[in-house]
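Features reported for this protein in Swiss-Prot:
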type: BINDING; residues: GLY121, LEU141, GLY142, ASP143, TYR144, VAL145, LEU146; note: S-adenosyl-L-methionine binding site
Amino acid sequence: MYFAVISIFPEMFATIREFGITGRAVTQKQVTIECINPRDFTSDNYRRIDERPYGGGPGMVMMAEPLSQAIEDARLRASQHGCRVDKAHCPVIYMSPQGQTLSESSVVDMTEYDGMIILCGRYEGIDERLLSQYVDMEISLGDYVLTGGELPAMVLMDSVIRRLPDIMGDDKSAEQDSFVDGLLDCPHYTKPHEFAGMAVPEVLLSGHHANIAKWRFSQQVERTQARRPDLWQAFTPTVEQAKWLKALAKADKK
């Protein structure tokens with residue numbers, strides 16, 4: 001999968017390109033991440049990419065011209081990497097608190113893309129004409145504001161890359177994460193058997209895979225009900241999970 005990131009701080013992306021699972025994916029050429037600096041498309045000696053807003057007000061606004069040229073360069077690069085450069089296959093995404101909130105289901109949908117062109121804003125924002133002309137979607141991490149779009153862009157890429165086939169080593173690792181089936185994840189344990197007076201639940205040591213699966217599901221249900229009632233209300237169980245829920249309800253009555 002191909003990622004082009006448009007940012008005035010391309011150095012920030014060394015972390016995602018060089019470390020951890022995402023770094024390994026880049027090294028093994030499963031993923032390509034290229035950074036494009038809009039300052040490279042300016043014509044003045046100061047390489048300015050921002051100006052004061054029309055109508056007055058605080059702060060600066062990123063100008064449309066250098067960003068539009070950076071996006072066109074990103075589209076060319078994406079095409080050279082085999083991407084179908086259109087909204088359906090390689091969209092231009094603007095990281096913005098005004099966008100659609102990122103979710104696990106939207107991340108899974110994004111794994112079907114050939115690539116992404118991710119636009120990172122700074123200052124007071126970006127000239128609206130650039131957004132209306134070039135941006136296909138806006139994505140937010142939540143109802144809060146950061147100093148720029150670089151960290152959200154890395155979150156987006158990390159979440160998508162780890163869901164790509166053969167990235168995690170064991171694809172079941174991603175399948176068991178929180179939100180994948182609509183519930184929070186179950187608790188996990190490893191050695192030693194006892195820590196701070198607390199032992200590993202015996203069912204996990206039993207080797208009985210069906211009982212372990214049921215226990216993990218019961219823990220997911222308990223956690224989701226307690227911590228994220230909104231997720232629980234929206235949860236739709238599978239046929240097998242519905243049977244387990246009935247069994248849990250009967251056990252609670254006893």
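Keep in mind that glycine also has a Cβ here, set from the backbone N, Cα and C atoms.
Here the features listed in Swiss-Prot are painted onto the structure.
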residue : record                               : Cβ contacts under 8 Å, 6 or more apart
GLY121  : S-adenosyl-L-methionine binding site : MET62, TYR94, MET95, SER96, GLY148, GLY149
LEU141  : S-adenosyl-L-methionine binding site : MET95, THR101, LEU102, PRO152, VAL155
GLY142  : S-adenosyl-L-methionine binding site : PRO97, THR101
ASP143  : S-adenosyl-L-methionine binding site : PRO97
TYR144  : S-adenosyl-L-methionine binding site : PRO97
VAL145  : S-adenosyl-L-methionine binding site : PRO97
LEU146  : S-adenosyl-L-methionine binding site : PRO152
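Site extent for S-adenosyl-L-methionine: among the recorded binding residues GLY121, LEU141, GLY142, ASP143, TYR144, VAL145, LEU146, the largest C-alpha separation is 16 Å.
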